[in-house]
Every structure is written in C-alpha cells, then in structure tokens.
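Working notes, structure below.
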Amino acid sequence: MAIDGESISMSLAVAACVAMALFYVLILYAPTVILRLPSASSYTEFMIRRFICAAICTVASLVFTAFILPIKSWEASVILGVYGIRTDHLWQGVVCPLLLTSLVYAGSLVLKLLLLLESLKENGGGCSSFDYIRSFFQTIPASVLTGASNVSVWRNFIVAPVTEELVFRACMIPLLLCAGFRIYTAIFLCPVLFSLAHLSHFREMYIRHNRSYLRASLIVGLQLGYTVIFGAYASFLFIRTGHLAAPLFAHIFCNYMGLPVLYAQGKGLVSAAFLGGVVGFVSLLFPLTKPLMYSDRTNDCPCWLGYCLWN
C-alpha cells in the first residue's frame, strides 16, 4: 500500500472534496471576475481561458490531496500510484472497461451500423460500396487535423475528461476511502460533487444560448442526472481497477457517444440490442472489473490501496 495505516478524519475528507469541487467551478470565472480581464473576443479564446483555469485547478487539487493523505513515500511512482496513474496492467485498465461501457451503447452502435448499411445500399453496393468505404478512410487524416484545431473537440475529449477524472476520481476517492468511508458511500458521494461541476452549464444554456429558464432547467437537470449515474460508474471503475485510465477512457467514449439510444422508429433491432447490452453490462460488471485482473499482488488484500472489502 502507498498510504500509511493512519487515516484522516471524515470531516476533513468531505471538506477537502467540497472545496475542490467548488474551486473547479469557481476558477472558471476567474479571468473575468478576479483578474478583471475583458470579455473574450471569440469562443476559442473563451475556451482556452477555461482550459488554463481547469489545468490550474487540477494541479492545485493534486498537490493539496498529496499533502492531506498520509502517503508513505514522496517518490513519483508512489504518488502517481495513489492517483491511479500506473503503467502496469494498462491494457486491461483501458480495454476491459471500454468493452464493458460499450455494452450500454449496443443500441447506439447497431443504429450506426444500420445507417451505414443503408448509405451503402443507396450507393448501389458492389464496387461503389468499396469506393465509399475507401473514401471514408481517406478522409480520416483530414478529420483528425480538423478536430485537433477545434476547441470543442479538445474540451469534450481531452481537457474535460482528464481534469475531471483527476480531480473527482484520483483526488477525492483516496481521501474518502482513507477517511474510513465505505466503498459504496464513496462511489455515490463523489458523483454528487461531480454534478456540481456541471451546474455552470445552466448559465451557458440560459445566457449564452438564450434558452428559456424552464428549458435550460430541464436540459441541465437531465445532464445532472446522467452525470450522477456516470460519476458513480466512473468511481466504481476507479476503485475496482485502481487505474485512472479505466474511468478516463470510459469518460471519453461516453462523451463521444452521448446518451445511449434506446429506440429508433422502424428499427426494432436497436431496442433489442440495447436491452441485450444492458443485460450483458449487468452480468459482466463485476467479472470484468475483478481487482486481481489489474494487480499482481497475491497477499490477503490484493487490490488497489488495499480497499477490496466489497461487502
């Protein structure tokens, strides 16, 4: 274990987690409220400011957590291990959680496949289908370059997943578990704090996108509900695997896929795939996240940081 036997108080752990969650949200407004900078001249400049603020908050949270936790050694490998940043069993930490997460999106994936087959049929099939597929793969490099210069892509697939997983999983979960909170308490407490980081979306919907108060509330309410569910799942992955890569890549995948597709008119196969995927997800949730798959330890407590009592 990278953490000494001594623990921290529950009140200190909760206070630290709440402080980090509030800091993550409030610092996004630092350029205009604290630094009194003029309003951003473009959306790109606005987002770059937010990227810098999120990075500052993340680094500050990592340092803050390191000083609170009773860490045995200040070696880089030990500290990174506390945060779940590991190179051992990395492929398991990426592939298995991704496969598990993809089961929830079975309906969405089947729908995409059906739409692809329909487009191929419209192109006449045969050689024209082959040409269509070849042209699709030829456009991938250009799409990657376009995405690399798109701030929304950076926000959804890099900055938001990395900073949120570091703050709300890598920092908060070790604090809560070290304070003596039960595993399931930590799993469902972190998402509540995680959802606070998304309350800023209400302001964005209400002011920047000129939505009505009711419509903005409904949209953000749906987002918060989904965020709490995903946050609990991400916390579960982090504790079970001990790999930050597990919730991180699941986060990126979910941001790419959006909400799972439950139904598509005239395509009953989509609903069947969704139901089958949910059954598979529930059946494989514990087997695919078995701690022994992600650690070589063979002592009485083989999983990450010794938190393996799933009772």
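In case you wondered, yes, glycine gets a Cβ from its N, Cα and C as well.
In TrEMBL this protein carries:
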DOMAIN    152-257  domain 'CAAX prenyl protease 2/Lysostaphin resistance protein A-like'
TRANSMEM  12-30  transmembrane segment
TRANSMEM  51-71  transmembrane segment
TRANSMEM  91-115  transmembrane segment
TRANSMEM  136-154  transmembrane segment
TRANSMEM  166-197  transmembrane segment
TRANSMEM  218-238  transmembrane segment
TRANSMEM  244-262  transmembrane segment
TRANSMEM  269-288  transmembrane segment
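Listed stretches 51-71, 91-115, 166-197, 218-238, 269-288 were compared with the transmembrane segment (12-30); the greatest number of C-beta pairs under 8 angstroms is found for 166-197.
Of the ranges 51-71, 91-115, 166-197, 244-262, the one with the most Cβ pairs under 8 Å to the transmembrane segment (218-238) is 166-197. Put simply, of 51-71, 166-197, 244-262, the stretch with the most CB pairs closer than 8 A to the transmembrane segment (91-115) is 244-262. Within its own chain, the transmembrane segment (244-262) has Cβ neighbours under 8 Å at 83-86, 90, 93-94, 96-98, 100-102, 104-105, 107-108, 111, 156-157, 160-162, 164-166, 169-170, 226, 230, 233-235, 237-238, 270-271, 274, 289, counting only residues six or more beyond its boundaries. Note on the transmembrane segment (51-71): residues 2-4, 6-8, 12-13, 16, 20, 23-24, 27-28, 30-31, 78-79, 82-83, 154-155, 159-160, 162-163, 166-167, 170-171, 174-175, 178 of its chain, located 6 or more positions outside it, place their CB under 8 angstroms from a CB of the stretch.
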